[in-house]
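Asker: Supplied in structure tokens, the structure appears directly below.
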Amino acid sequence: MQYHPHRTMARSDVETLIRMENFKENLKFIAQANTAERNSFTLGLNAFTDWTADEIDHHTGLLPEKNVDKVSSRSGFDPIPDTEQYFPLNNDKYDSWDWTRHYVVSRAKNQGRCGSCYAFAFVGMLEANYAIRHGTKQDISEQQFVDCSALFGCRGGNFVPCFNYMKSKYWYTQLTRHYPYTAVAQLCPTSHPMGINLGEKLYKRVPTNDEEAMKILLRKYGPIYISFNVGNRANESLLLTNISMKFNAYSAGIFDVPGCSEQPRQNHAMLLVGYGHDPTTGLDYWKVKNSWGQTWGENGLIRIRRGVNMCGIASDAYYIGSHP
């Protein structure tokens, strides 16, 4: 396997050597992991194979919510009307569900070298909710929430400030064609071109660690904003390093890392879009959309083992509905 540095980046000889070593180390790890027994997923080379540990750790962006008791914006709101009637999937309605098969989930986008996962997960949820209710897709601006949700831009954010910002704008949001993504935090503009009105929204937190409830809420309200522990390298924990290396190199299959369920330190936000059962491995899974582009994972998505709160997937999740 020959290493080819990204041709669009100007690199010094020292940086090239460092990245070559990163590439070799990750290539060795991938080869060993893929030959392990009872492995339910495979790893592969991707855009992150030569990244440094610091770059990897700053490629997430979920900050902890300070007020964990703030579980909802208001009690009682409307689900998507007649979900079962308008979105039938199969005869056994409880075995599987996949919003991507109903053409309401936008493609997996790429947050680039910016810790803006929170904005992409939040916008992905808004886009899906709008498409389900109105029958048409909209490409909503992530950059608006990076710049204006009163957190730390490319250094992280979370769900509630994004929701509160949207509320402060009376449920109007900008489209990407008017407010394009730059992967760099900018000053929030004092005025915006007229966007689209999403209608008044309300949110609730999924009952903590309750995957059965999350399954029902996914079908009833649409895709769900989830928090996930993707590990990190800036520590002395072999488990967290192992989680990070496997998640970043994920290629296909059911992501299942022993011990990750006991490490609910969520540092990455993604969008839950479905669930099902994999007959090959015998595992139940969640289907999740990431924001690392379509060349990562399964066309930008990942299947994660369901039923064990893998990496804290059900520990801090939110869903939205409309005003009744």
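Placement of Cβ uses the backbone N, Cα and C atoms for every residue, glycine included.
Taken from TrEMBL, the feature domain 'Cathepsin propeptide inhibitor' applies to 6-56. If you look up TrEMBL, you'll see 93-321 marked as domain 'Peptidase C1A papain C-terminal'.
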Asker: Taking DSSP states H, G and I as helix and E and B as strand, how many residues of the domain 'Cathepsin propeptide inhibitor' (6-56) are helix, strand and coil?
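Answerer: Once the DSSP states are binned, the domain 'Cathepsin propeptide inhibitor' (6-56) shows 26 helix, 3 strand, 22 coil.
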Asker: Please work out the mean pLDDT for the residues of the domain 'Peptidase C1A papain C-terminal' (93-321).
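Answerer: Mean per-residue confidence for the domain 'Peptidase C1A papain C-terminal' (93-321): 93 out of 100.
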